[in-house]
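Structure record follows, encoded as structure tokens.
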Amino acid sequence: MTWRSPLAVVRDALRGQRAREKDLRNLVSNLPYEGLEKAKQPNRYFLGNAIKTTKYTLLLFIPMNLFEQFHRLANLYFVGLAILNFVPVVNAFQPEVALIPICVILSLTALKDAWEDFRRYKSDRKLNNTPCFIYSRREKEFMERRWKDLRVGDFVKIVCNEIVPADLLLLHTADPNGVCLIETANLDGETNLKQRRVVPGLCISDPEFEPESFNGLVVCERPNINLNHFKCYVEKPDKEKVGAGLESLLLRGCTVRNTDHAVGFVVYAGHETKSMLNNNGPRYKRSKLERKLNTDVIFCVILLLVMCLIGAVGHFLWLQALATVPPYLVPQSTGHLDSPALSGFYMFFTMIILLQILIPISLYVSIELVKIVQIYLITNDVDLYDEETDSRMQCKALNITEDLGQIEYIFSDKTGTLTENKMVFRRCSIMGTEYPHKENAIRLTVLDEAESEEEVIFNQRPQPSRTGWSLDPEDTNPKDKAQPPFSRHKGRVLGNAQGDVAFSSPLETEVIPDRKLLQQISRAECSGRRLTDPYLDFFLALAICNTVVVSMATASRQRKSWLPHHGRTNNPLDTLSSLVKSAGSFCHIFTSGQRKPMQKCSLSEDYFQEEDINPPLKMETNENTNDKKKTRSPSATSDNLSYEAESPDEAALVYAANAYDFILLARTPDSVTVRLPSGEDLVFEVLDTLAFDSNRKRMSVLVRHPITRECVLYTKGADVAIMELLSTPYAEHLSGSQKNIAADTQHHLDCYAKEGLRTLCITKKVVSDKVYDSWSLNRQRAQAAIENREELLMETAMQLETNLSLLGATGIEDRLQENVPDTIVALREAGIQVWVLTGDKPETAVNISYACRLLEEEDLVINMSCKNKLICTSILDSTLEEVRRYGEDPRNVDTTPDISLVIDGRTLAMVLSSDLQDRFVDLAKRCRSVLCCRVTPLQKSSVVKLVREKLKVMTLAVGDGANDVNMIQAADIGIGISGQEGMQAVMASDFAISRFKHLKKLLLVHGHWSHTRLANMIIYFFYKNVAYVNLLFWYQFYCGFSGTAMIDYWLMIFFNLFFTSVPPVMFGIMDKDISAEMLMGVPELYRTGQGTGDYNRKTFWISILDAFYQSLVCFFIPYLAYQDSDIDVFTFGTPLNTISLFTILLHLSIEIKTWTLVHWVVMLGSVAAYFIVTLAYSAICITCNPPSNPYWILQSQMADPMFYLVCIITTVVALLPRYVFHVLRNSIAPSPLTQARHLDRLDPSSRDQWIKEWRSFRGGGHVKRSRLSTPPSPTLETPVDIYPQSPTASDITEDDFTLNVITNYQRPVHTRNKDVVAS
């Protein structure tokens, strides 16, 4: 190895730092420089691929760990006192002995840290030594090397089912189309395949890629944590720039699937890869209880200083009062005695050393131990385990479990959090005509019934009752009406939800075509204008306008061992397809019921009349007589196809097109193949794909039609984004019929939204070749740009997406998860305000809110939808004034107004401004629930921060997608749901669950237990230490405040470290004040932990005062008993130590709510350990702590009856006030928790019956409900309508402001709709 001067090393380090900090990096191939020394390598300044996640090294472990532990002030405090004890003039004990407690604590923590770091070291070593294939110029082939040998600029070959070792720019694949399929489950949890393509125009034409032929310059951006963006271009030798983005990047940790092999160029390695930059490890938050604990530790420090000051002043006064120098005051070697003032000053520090255990040294270690066990118990709770996904609850933040018991506000996403995120195609509108797909609704009913039967047979588990309501205006099927559109079903019917393909359950893939639409498509197929028919274009758009990857179903993916894999089992629902096929034969049975009138929403009345006349279509007959219709079952022609969608919406639309025989057969970067109902395969050339983004709210695919050779742009997106592109309003330049199509489609969209369906608009545009050529040049320049690439790409997309022709719209159903309404009701009863923040339309969100009981029928619903800030301010002020006036009215003392607020994103942006924040929060805190619609991810986090900071409350945010990450991180506790949208939310969260219903037990049971246990344990620790240390303090009044102790110091150390340390830890781990059944059955009990909870200033100071009282009793009763006797100091201290042990342990016995065998063993074991150790110490250790001599003291005491009498009387007198207080409080004014404990003693059947009766009484309408008057406004209109059905979204989503009051549970519901319209 060549010696280099230190100056050269420093210079290279500075150059490397500057190179890594540049915004752009220039990378070249390492092959021409293979074998040269590092100084001549062009990419030498960039990090290698070896990773190191350990915190320590073997040589520096002790100093680094001690440095880290001394960040905790308590450790620093005790080490300082131990060092202070080495100063002769202030030492209170033998100096070496004083080091024992803190050394034990530091050693235990160091062992834990060393074990955790050793595990990280083993993981790093395993990963760094993983084999991979790197190209060698010398060997002219790919050689097997290790991951740690990779460097930026190397060429790597990855084979199928292999993990990508670094961030690679894809240059070549075995696929002739240059496609590589990857799975990103290790990064974001998404199991669907994603398509990556080679950088165009470089190497894809070579059948065998030669890395040595690559001589371009790769220019890429600086490494960052954004997994969804990558800016790069490759500059060829002729200076031509080829743009590349995320579609050509293989991220470290991804797995190559269904591709024989791929070759990539390393752009980021090791700790600079995007996956490592996102790997921040567990989050450490300070819990609310811990913050209170630190405050109370400061109070204890103040108390300690006061007691030490009293000791110092007392010692000064005692020395002043001495007439002569007593013989036990030994002078210095010079014969000089310190002055009383100086001695008092020294005594202040001696007293600190003597009374140091007033600060509980073992409390912090005990809290960590208790939290670890609590996390273990929570994560292993079988009720929080989800059998469908084979996942259990995860805990990522290790020190905030107790905060789960103090939540006051919950902010929840809707899609995927409250709903299943399993999209089911329900209905569509094409060219202004609505097709309700009634047969498909029957299929869903059959599916639910089959599911219910399966669960009864195989699970033998009682199912939750299903709510019988429906908002389907066309649905005339009473049996179907018994099933809610958002039925709370178990996902087990889906078979294997985590199988090889996401979004591929029978619920999502099987669609029964609409009979009228089938006939329309058949007519279009036979007509001469087949190539321009809008009905065919509509389904072509569904099949083409997406990013769905098509693969062969037989190409199964091999899962790695750490990924959950479930084999499909034989299922009674495998026969479901036969039921579905026969559904059409009996659908006419359910169409005879009389339809209920709809006043606000009616779809296709002409169509219904026509269908009533036509005879029902029987699918069996059609299958026998028409071979063509056999292909209308997707499984008949596409059994060997597997669709990999990035979102459930895309999958649902592709399967819907499949149901009408528009079958997506293949997709490459340059083409899409679709089979038409006629059997003809059309290969569309893909000219460009304009990906979806949250600003445009749409995506487009530009293709060249294989027959007409026209450039056709298919676009799908939200109605608010699409309708304005038709021109405002509804394309004035269009003809009258086309205007009607747009208006009718908008009406259908509104009705879909009121039913809670997710809506999308489908459009088409023919682009001339001249326009396309001009636009394509701009697009290529935008793709090759590094600066402002996103803005340029969005600008080019918006240039093309204009003057669109509306084809139709779709309505997709996203069903509620199981037990969501019960969970929300229970959380509200627990005193938690629930907010739902969603990006959906207000109509959709409101409808689902009624379904999940976020909004109730008797609620007064305030709807805020304002067009400008002036109106918003006026409405906010008037509404707030009305709500305040209602609450201050003495006539409304016993009434409970159930107020809910609905606000859209535009209005929310106004009220989040600094001048309206306080008024909005004041109004929102008076509402039982709040629904925010059309909100962005940034607005979600802003709302959470606003409520948390303004109201000083504990907040919890729960979501399942990447758009919920900001909200989850902004809350005190973030919970991610491991659903269909990947694991971004889970990775950013503190806790992870698989179902929203698990939130109920997590908070009401585990949250309550965790908070109660830790709070009571902390209070007990403070009490225990104060009660024990005060014995030494009272003794100072009788020893001249000399800092001496009447208890042997070794026994004092054993007392806190061994004799009384285990019982409170077991108390914090295992105590259950109330059973889980009672906490779940009576959610109101959760309220006891909200706000200050069990651990507050009052309980803290009461325990301190009780400790002072008990210490006085424990000291002075033995003192009076042995007064005027000739016993020595240790003979006096031994009964005090014994009495203190009994008092402290029996005090804990009074506090324990649930006695188990473990409690008995620990309590009796502590007493036995005390006597065994003390007897052995008294017999063996004669001069362990010179000049004291504890020999045979306890043995002598145990032979004296006086010892037993003093111990019994003192213990009883010390504990009597606390015991009497508990008896009187529980008898005269029992708390809700006390009453619940009494009920817990009943047998389970009696207890459950009491809970049932209590809940029925409470919910029986005995609470008086009142109606708010309409707030004043410039213009007041008060239309009154009586609806024969539950309130629809239109009742509460008018233009500017709406107040809805529904005062009757029974139907018909009388709704008074008050609209405030600002002129």
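Glycine too: its Cβ is placed from the backbone N, Cα and C atoms.
TrEMBL entries are annotated by machine, without manual review.
It should be emphasised that the depicted structure is a prediction, and the values quoted were computed from it without experimental measurement.
Its Cβ taken as reference, Asp413 (active site, 4-aspartylphosphate intermediate) is surrounded by 29 other Cβ atoms within 10 Å in the chains shown. Annotation source TrEMBL lists active site, 4-aspartylphosphate intermediate at Asp413.
Annotation comment: TrEMBL describes Asp413, Thr415, Asp960, Asp964 as Mg(2+) binding site.
If you look up TrEMBL, you'll see Asp413, Lys414, Thr415, Glu650, Phe692, Lys716, Arg758, Thr838, Gly839, Asp840, Arg934, Lys940, Asn963, Asp964 marked as ATP binding site. Counted within 10 Å of its Cβ, the other Cβ atoms near Arg934 (ATP binding site) come to 20, all protein chains included.
Under the heading domain 'P-type ATPase N-terminal', TrEMBL lists 41-97.
Taken from TrEMBL, the feature domain 'P-type ATPase C-terminal' covers 986-1230.
What TrEMBL records for 456-488 (among others) is region 'Disordered'.
Sequence annotations record features per position, and here TrEMBL assigns region 'Disordered' to 612-643 (among others).
The transmembrane segment annotation in TrEMBL covers 73-91 (among others).
TrEMBL lists 97-115 (among others) with the feature transmembrane segment. Sequence-distant neighbours of the transmembrane segment (97-115) (same chain, 6+ residues past either end, Cβ-Cβ under 8 Å): 55-56, 61-62, 65-66, 68-69, 75, 78-79, 81-82, 85, 91, 353, 361-362, 365, 1049-1050, 1053, 1056-1057, 1185.
Positions annotated as transmembrane segment by TrEMBL: 293-318 (among others). Beyond the transmembrane segment (293-318), the same-chain residues lying 6 or more positions past its ends with a Cβ under 8 Å from any Cβ of the stretch are 74, 340-341, 343-345, 347-352, 355-356, 358-359, 363, 367, 1018, 1022, 1026, 1033, 1036-1037, 1040-1043, 1100, 1104.
Among the features that TrEMBL reports, transmembrane segment is placed at 345-367 (among others). Taking Cβ pairs closer than 8 Å, the transmembrane segment (345-367) reaches residues 72, 74, 77-78, 81, 84-85, 87, 89-93, 98, 101-102, 105, 108-109, 290, 293, 297, 300-301, 303-304, 307-309, 311-312, 315-316, 338, 1014, 1017-1018, 1021-1022, 1024-1026, 1028-1029, 1032-1033, 1036, 1041-1043, 1045, 1052, 1056-1057, 1061, 1064-1065, 1068 in its own chain, all 6 or more past its ends.
As annotated by TrEMBL, transmembrane segment applies to 1018-1037 (among others).
What TrEMBL lists as transmembrane segment is 1049-1070 (among others). Within its own chain, the transmembrane segment (1049-1070) has Cβ neighbours under 8 Å at 93-94, 97, 100-101, 104, 357, 361-362, 366-367, 369-370, 373-374, 1013-1014, 1016-1017, 1020-1021, 1024-1025, 1028, 1137, 1140-1141, 1144-1145, 1148, 1151-1152, 1154, 1156, 1158-1159, 1162-1163, 1165-1166, 1169-1170, 1173-1174, 1177, 1181, 1184-1185, 1190, counting only residues six or more beyond its boundaries.
Here TrEMBL flags 1100-1121 (among others) as transmembrane segment.
Per TrEMBL, transmembrane segment is recorded for 1127-1148 (among others).
Taken from TrEMBL, the feature transmembrane segment applies to 1160-1182 (among others).
Around Asn963 (ATP binding site), the same-chain residues at least 6 positions away in sequence with a Cβ under 8 Å from its Cβ are Asp413, Ser694, Gly839, Pro937, Lys940. If you compare Cα positions, Thr415 (Mg(2+) binding site) sits closest to Arg758 out of the binding-site residues Phe692, Arg758, Arg934.
Counting residues per DSSP class in helix, strand and coil order gives 24 helix, 0 strand, 33 coil for the domain 'P-type ATPase N-terminal' (41-97).
Just so you know, of the binding-site residues Thr415, Phe692, Arg758, Asp960, Asp964, the Cβ with the fewest other Cβ atoms around it within 10 Å is the one at Phe692. A distance of 17 Å separates the Cα atom of Arg758 (ATP binding site) from that of Asp960 (Mg(2+) binding site).
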